[in-house]
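Novice: Please see the structure below; I have some questions.
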Amino acid sequence: MSDDKYHHDKHHDKHHIDSKQSTAAALSSSSTLASSSSMTTTTTTTSTTTTAASPITPKPRKNYPNSADQYELKETIGKGGSGLVQRAICLPFQENVAIKIIDLEHCKNVSLEEIRKEIQAMSLCHHPNVVAYHTSFVYNESLWVIMDFLSAGSCSDIMRFSFPQGFEEHVIATILKEALKAICYFHKTGRIHRDIKSGNILIDSNGNIQLSDFGVSATLIDTGETSRNTFVGTPCWMAPEIMEQVNYDYAVDIWSFGITALELARGKAPFAEYPPMKVLLLTLQNPPPSLEGDGESKWSHSFKDLVEKCLQKDPSKRPLPSKLLEHRFFKQAKKPDYLVQHILAKLPPLGQRYQMLSEDSFAMLRNTSSPQFDTGHSNSADEWIFPNENNDNNNSSTTTTTTTTTTTNPSNNNNNNNNKTKENLTQSPFETPSHTPSTSPGSTPSHSRTSTPTSNHTALGSSSTVVPPPVVPLTLPTAIPVTAAAYHQQQQHHHLSHSSGSIPNHNASSNLGASAHSNVHGLAHSSIHPTSSAASTTVVNNTQQPQTLQPPQQQHQLQQPIKTPSPINAINIVKLNQSDLITPPKTSPKKEGSIPSSSSHGNIPSLVTTSPKSPLQHQQQIPQQQQDPAMINSNNSSISSNGAYNRELISASGSALSKPPSPSSDKENNSTSKSNKSKSRQSSRASSLSESSDSTSHTSSSDEHSSRYESDRKSYKKKKSSSSSSNSKRDRERERDRDRSNKTYKNSRSRNVSRDRERERDRHNRSRDRDRERERERDRDRERDRDRSRDRSRDRSRDRERDRSRDRSRDRDRSRDRSRDRSRERDRDRSRDRSRDRSRSRDSDSRDRSRDRSRSHSNRRRSRSRDSRNKSRDRSSDSDRSRDRSRDRDYKSSKYKKSSRGTSGRKNNKIQSKLDSQATHISYLEDKISTLTNWLQQQNLLNTSNGQVLSPTDPNLVSKLQTQLDVLQSENSYLRNENINLKTIVNGSNSTNNSLNQSSGMAFRNSVSSLHQLNMSNSSNNSRPQTQ
């Protein structure tokens, strides 16, 4: 569309309209359509979207004109369910529109009620995914419906032209998602579409998807019902509940949506190759169709799941459209630009595509002999785009017949279908019966290159002869209605003409209607004997109806394509013109009951179809005697059986019939007396002289002939009476000899004529056989060329399909490889992350364990040291007590001296244990002093590295360390003093105590020196200026 911005702006509302006003508008438009021929329906309802805060006023819609002169029709783009669709230009807006033209007088497939429903549904729909309806009006007994023009056509048309195997999955997801939005809108507004298929899904030039064809949509809001039970839809897409004619609801559109998904995937709907009744049986009896048979790797699991959910025979198990929009399959849907790049970029324009599809389908239909491809009875209501077929108009009140002159062969009837030639068409002057036989494409005769010469002819009496008339154009009399008796007589006449090879003789008193009926029937249904097909002529004579010429306008109206009632036998006019042995019909002497002379009829013109005569043929006709029509009728069967050439003469009443004389009739007529012989010669001379005169001079020539005949007879009597009796015998002998010689001459002449006729017949048969063989050879060559072209086209299509399948397989392989590489990279990254996490967790665990161990060890050491201190303290207190007691006991009596020795040994043991605990505690203090000393040395080294001070030590830290060292020193000195006191008590402990004192003194001295150095460095650092 040229105005895409407006197209989206006028559909920006949320589809909430006043349903009562819209329905009333549609109903009023439909009532006007049924009652008046000047109906004009324009949808002017503007939908509004209101919110709780403030109303939003939409932009005004365009008012399209309601007159046909404001639109310029362009090419045909297809046919819908109820009419022809053409592209047009709206002249006021200069934009493309689609016009559906519906013939209200001859609409066979739809009724006015269906048209009303379709217009009502279109006028109430306003959605970006629904084809927009502008206006409608009546023009020349046709309803014009103006809609948006979607230049890409339907999905079915695109698949038939470029994608016969179906679309890829991304394209299907894009199309189905937009179509599902339109279905959601329909269901929200209380409507059922009931005919969702790819032929009703249209695409514009920008890749936007819209749903069309509301001819079978049902509205549930009008009546307040919750279900429908009408049998509407296309069989392949029809839900099972519609086939069973039970109550159904919105779920039927979900079934059709699933079938449409299969159609877009495979290129055709399930059971599309079967007739409608079998489709109904297969749908009801078989399980629902699915994508399982197409292979596991072709379609994704989400697509299969979508189709399976939609195609549930139980309507309650089918999901809602709003739920289907949330399906994971639609995550692969693309933007409209994707369709433009991958689908619409390589397509020709819609009109050109429609013409190409029409030509291909028409050629396929003509080249096949199957009855299911009959072009005269095709149903074009299925698709938006389909072949251009000539449908018969069964509703017309009158029919027309085709009069053609052909040269055909029964063996090549099927091949003549491909020869497109113009037909000489004339309107029939009578009404054909209601059951008119139709011809199939295989039996349509080809048309000849020559026309049949016609001439006027007048039925003459006894003394009149046939005058060669000039050639005039063939015209038929005016139309005369046919009665029942005339129709019965026509059927009997047709049956006899086909059975015997000649038309029966009827009574001259037949009515005018039967006469006209038989005349035209003789033109259209004349049957010629096989042996005389090249030499027969058809004569039509109007005795009571004057000849009228058709005006140019009427003759132009007669040139319209119609179907011929039956094929017409061949008449080769070239062979007729070249023949020298064809004689015109002879007139017989006037007798009672014979045909009336020209004086009784007057100068009434007639229509004669005959062939020109050669001079030799005219000379041979002069000496022959005239025959009676009764004799000709009696010898008709013998003439046709002997293979002689027939000459048919149809008079005004269809009763007069004359044929050329046979040799047997010549022999009988020549065996008469001498007087009859002279009469025949004189009559032949008179007939030869009268050929150059008109009808008024025939009477005078007949009077001259009679007077001469009387005078010759009188002179002959006188001579005969004056002859002597002596010469009578000799004269009789002479007469006998003359009679014999005349008989032999006539016999030889008749033999020669018959021989010449046989030779000419054989020559004609040979030439006809040669022509037939040539025609057969030509037909064979044409068939060969057609087969070759078909094979080439099939090979090309196969190659194209192979290339497409290869490209698809390559793309699939590439996508698979990419997905595999991506999955492998993901797996590698995951494994790396896992290994890193594991190593980090292991390191952290090991650190935690080591920390825990160190802490546990330190805690254990501290607890041990505390226990040892407590024990040593207890021991020291016990030792002091025991010492005091021992002193007290020493001053007592001597009886306690023995017991004190035993107790002193025990005390020594306790003191030894206390000394051991003090030794361990002293070692712990030394370790702690050494660690502090090492730390101080490291800090000193770091501060004084490379002769520069990196960072000065905090004096608070140094003071804390000093206090800690003091505490340790005091504790150590206390332990040493206690140890000295105890060594006096325990013997042999001097060496260990001295070692302890030396080690503890060295550790203390080291710690004091390191602390002193650290203090010196701090003081030096404080004295220097801080440059960093």
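Each Cβ is built from the backbone N, Cα and C atoms, and glycine gets one as well.
Per Swiss-Prot, the features are:
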- D195: active site, proton acceptor (ACT_SITE)
- I77, G78, K79, G80, G81, S82, G83, L84, V85, K100: ATP binding site (BINDING)
- 20-54: compositional bias 'Low complexity' (COMPBIAS)
- 368-381: compositional bias 'Polar residues' (COMPBIAS)
- 387-419: compositional bias 'Low complexity' (COMPBIAS)
- 432-458: compositional bias 'Low complexity' (COMPBIAS)
- 503-518: compositional bias 'Polar residues' (COMPBIAS)
- 528-542: compositional bias 'Polar residues' (COMPBIAS)
- 543-561: compositional bias 'Low complexity' (COMPBIAS)
- 595-616: compositional bias 'Polar residues' (COMPBIAS)
- 617-642: compositional bias 'Low complexity' (COMPBIAS)
- 683-700: compositional bias 'Low complexity' (COMPBIAS)
- 701-714: compositional bias 'Basic and acidic residues' (COMPBIAS)
- 728-742: compositional bias 'Basic and acidic residues' (COMPBIAS)
- 753-855: compositional bias 'Basic and acidic residues' (COMPBIAS)
- 865-893: compositional bias 'Basic and acidic residues' (COMPBIAS)
- T230: phosphothreonine (MOD_RES)
Novice: Between the residue listed as 'active site, proton acceptor' and G83 (ATP binding site), find the distance joining the two CA atoms and give it rounded to the nearest Å.
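Specialist: Here the two Cα atoms are 17 Å apart.
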Novice: Test of understanding: give the count of other CB atoms lying within 10 angstroms of the CB of G83 (ATP binding site).
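Specialist: Excluding its own Cβ, the number within 10 Å is 24.
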Novice: Determine the Cβ neighbour count for I77 (ATP binding site): the number of other Cβ atoms within 10 Å of its Cβ.
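Specialist: I77 (ATP binding site): 25 neighbouring Cβ atoms within 10 Å.
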Novice: In the compositional bias 'Basic and acidic residues' (728-742), how many residues does DSSP assign to helix, to strand and to coil?
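Specialist: Each residue of the compositional bias 'Basic and acidic residues' (728-742) counted once, the result is 15 helix, 0 strand, 0 coil.
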